[in-house]
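Database features, via TrEMBL:
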TRANSMEM  B:49-68  transmembrane segment
TRANSMEM  B:80-100  transmembrane segment
TRANSMEM  B:106-124  transmembrane segment
TRANSMEM  B:131-151  transmembrane segment
TRANSMEM  B:157-177  transmembrane segment
TRANSMEM  B:198-227  transmembrane segment
TRANSMEM  B:258-276  transmembrane segment
TRANSMEM  B:297-324  transmembrane segment
TRANSMEM  B:336-357  transmembrane segment
Amino acid sequence: MTQPIIKARGLVKRYGRVTALNQADFDLMPGEILAVIGDNGAGKSSLIKAISGAVQIDEGSIELDGKPINFRTPLDARNAGIETVYQTLALSPALSIVDNMFVGREIRKQGIMGKYFKMLDNKEMARIAREKLNDLGLMTIQNINQAVETLSGGQRQGISVARAAAFGSKVIILDEPTAALGVKESRKVLELIQEVRSRGIPIVLISHNMPHVFEVADRIHVHRLGSRLCVIDPKDHSMSDAVAYMTGAKVPDQVEMA
Amino acid sequence: MTDTTQTPKKGQDFESALDKSDKNVAAFERKSKGMVDGLQHLLHLNPTLVPVMVLVASVLIFSLPMVTDGKFMTMFNLSLVMQQVSIIGILAAAQSLIILTAGIDLSVGALMIFSAVVMGLLGVNLGVPTFISLIAGFVVAIGGGLMNGLFVTRVKLPPFIVTLGTWYIFLSILRLLTGSQSIRSQDIDAEAAALKIFGSYISIGSARITFGVILMIVVFAVLWYFLNKTAWGRHVYAIGDDKEAAELAGIKTDRTLLTVYMAAGAVVGVAAWASIGRVGSISPNAFAEANLQSITAVVIGGISLFGGRGSILGPLFGALIVGIFESGLRLAGLDVQWQVFAIGWLIILAVAIDQWIRKVSA
Amino acid sequence: MKTTFTKTALLCMTAAGFVSLASGANAAAHSVSACLITKTDINPFFVKMKEGAEAKAEELGITLNSYAGKIDGDVETQIAAVETCIAAGAKGILITPSDGAALMPIITQAREAGALVIALDTPFEPATVADATFATDNFKAGVLIGEWAAAKMGDTSNAKIAMLDLNPSEVSVDYLRNNGFLQGFGVDIKDPTDIGDEDDARIVGNDVTNGNEEGGRTAMENLMQMDSGINVVYTINEPAAAGAYEALKSFGMEDQALIVSVDGGCPGVQNVKEGVIGATSMQFPLLMASMGIEAIAAFAADGTKPQNTEGLDFFNTGVELVTDEPVEGIPSITSDEALEKCWG
């Protein structure tokens, strides 16, 4: 059996008297799309924040590629190869597509200009950005120096996913990527997710949208009352089952553990 | 909505109706648009275009013989306007850095005078070598910027409040230091003439270019380079645009902000040195409205008060527009109040255009 | 009035007695309290004023409380200060009003409460709002430098005059000095309370300086743009004059123009000595304040109020012309003599 790329055991996170994570486990296998579903307040965002370094857990352990990790900031997680695409997308609207893709990891010119005058290599960044966007089928970029705020919601999501996928990341976490999108744009984003997966990058998908989850996910992690209730295979369960597990209306009889 | 009760299968056809629809959502097509939209897009891409147009138009209008009787459009007068705006121009460059991060700095003018006073008190009154008094002046200026930056990033206070506070603090210190008494031009000449170096000039025809004017242009050029050609510059814009997004995207926002405030302080120090050359003496009472004048130049120059938008070159044009208006209206024989009146409208116009440009979308 | 005083004194003595039985005699001596409210406490002019008031108050055994606005024109702080003084039962208030009209109601209230109110330096409008005004005769100050400049030139028909005024508000000190100068120089001033209404072709123009070097320089540059032949420069004060001189120097024309000014601050007098300023009219802030304290002491003792100088609606604390190039018929002192008396 292959090793999980991320393996978390016994995660506990308390906010005052509220226990957001209660002995939660989590496993992400290489190359899969793992959906995380759960009712509001089930603790799925705490789970994701714990993995992406946005919150520090009180108890438990997280391993990446078999090595224990302890992220103090999202930047730590990112440096370790865990990219998160936030629901807010974390794009700077007035900056261009290229600038946004390279923000925080800009490429400097070779030689004196880059070394002593810190000059950016805009051509190289534009070339890489165009290449990455083309790779993901985000096609026909007419003006890569266009400001992000002039793009549609789906296009922005695309840029954000492309940014996450572009820099040799090991894991991409997508937080509600289709929540703010129309039907057509959601479709495009789902295709993009599958495109990224086909490159071998595993994806954690947090979503409320059952059809979307069932369409793209390989496995579904059902979170309930601060811990993992079960992991189900979308081929073997219906959406109504999933919703029933999530809300506690039904207890899963067959629990698949990793 | 789709029906979630039926048993779903992978690749089910609940969205099959969309198959024939346009899937080209992530493509960056450009639809043809009307004139107004076109203009909006043009300005969005080139926020400096508005101030440049206003500048050119005002120069042309004031050049008309019936307006200023030919007194305005002389090389000498134009170079004089440059001299007159040079100090506010340099301060506006410092102000731009702060405003680009969605902050505001009310303390720039006071800090400049504080720095100039320190240079003068040491170099002139105490006989310290000029070089050392200059360093001390810069230490004060950068230290003042650092102080603002620390309160903004560590204590998380709004820049408006922090710099309102430090404005009063700097003013009171410099008044206590000087007893509100100017350091005379003649004393500076005798003790530390190098403090006035930026008042020297070179003549090109009838135009007079002071070193202070050249310095202003150099300051803008250097800042333009750092803001447009380095990662630091991108980060400054990203922070001003959306600090939270910048943080999530991996920028160390507080550290960058601190460098911005210190850089602004250094530019204020440059303004302090240049101001001694420009005014001749060091007056604790001069430049009382320099903070507002610098903000005016920045706003007229098309930098958004909400941060993250606009070119650093805009405030240079903004400062020049104010100078041109003042000179032109005066030479046209109008009361001084009409200058104030005109500047007021320019500010409102500039911010209105900024708001309009922000609404651009594909 | 007398009974009020006695009551106050008794009250104070009783209060003091409660605090400390041993200080009875002292309490009686300090029972007269006075207030000094200046426009700002940063201008050396007001600093000097405060020094004069404090020294005299100390000498006469009067308790002095000093207040100041934050900037020139800060009326709110001055109103609050007057309120504090009324509440504290001050016997007299010395004030340099930032805005005579705006302060009128509270000053009236202070007088009704039994305080003697003396305007220092700047009169109220009308001046009768206060019990008295102790001030420099600013018009006279202007006349002196105007006459001096005219006498110095001899033939004034070729004069080209630059007028460097204070600010766009045209406050009284501004128009009094401005028009005094013009009248002394021999120009028809039309309305003596208006700046810039003259139609004498010898006047190149007016511009504002905010009374500092930077403003003085810029204003002078601007007027030189209108006529580069300017040969007489009137300035509202000495910092503005220093700025005007810098502008002339940068044009290489510092020898072409006579600069005259008003104030008598030490750097200004030094500039007279070094030939930057041709002549300046010196005023005496220290005297204004010390005489003001004396007036309060007299009022507290027997209720006498100060009288105005003959022919004026205020008490003239004097003005002297300072120049090292005296002219016939205009009394003046030299810069060396003036350095002994200057303020700031």
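Quick reminder: no glycine exception, Cβ is built from N, Cα and C everywhere.
TrEMBL does not curate its annotations; it predicts them automatically.
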Among B:80-100, B:131-151, B:157-177, B:258-276, stretch most in contact with the transmembrane segment (B:297-324) (C-beta, under 8 angstroms): B:80-100
Feature contact check the transmembrane segment (B:49-68) with the transmembrane segment (B:198-227), CB under 8 Å, 3 or more pairs: no
Contact between the transmembrane segment (B:80-100) and the transmembrane segment (B:258-276) (3 or more Cβ pairs under 8 Å, separation 6+): yes
Long-range Cβ neighbours of the transmembrane segment (B:131-151) (under 8 Å; 6 or more residues past either end): 105, 107, 111-112, 114-116, 118-123, 157, 159, 162-163, 165-166, 170, 192, 194-195, 257-258, 260-266, 268-269, 272-273
Outside the transmembrane segment (B:106-124), six or more residues from its ends: residues with CB under 8 Å to it: 87, 91, 94-95, 130, 132-134, 136-138, 140-141, 144-145, 148, 160, 163-164, 166-167, 170-171, 173-174, 177-178, 183, 187-188, 191-192, 195, 264-265, 268-269, 271-273, 275-276, 282-284, 286-291, 293-294
Other parts of the chain folded back onto the transmembrane segment (B:258-276), taken as Cβ under 8 Å at six or more residues beyond its ends: 86-87, 90-91, 93-95, 97-98, 100-101, 105, 108, 111-116, 119-120, 134, 137-138, 140-146, 148-150, 152-153, 188, 195-199, 212, 215-216, 219, 223, 232, 236, 282, 286-287
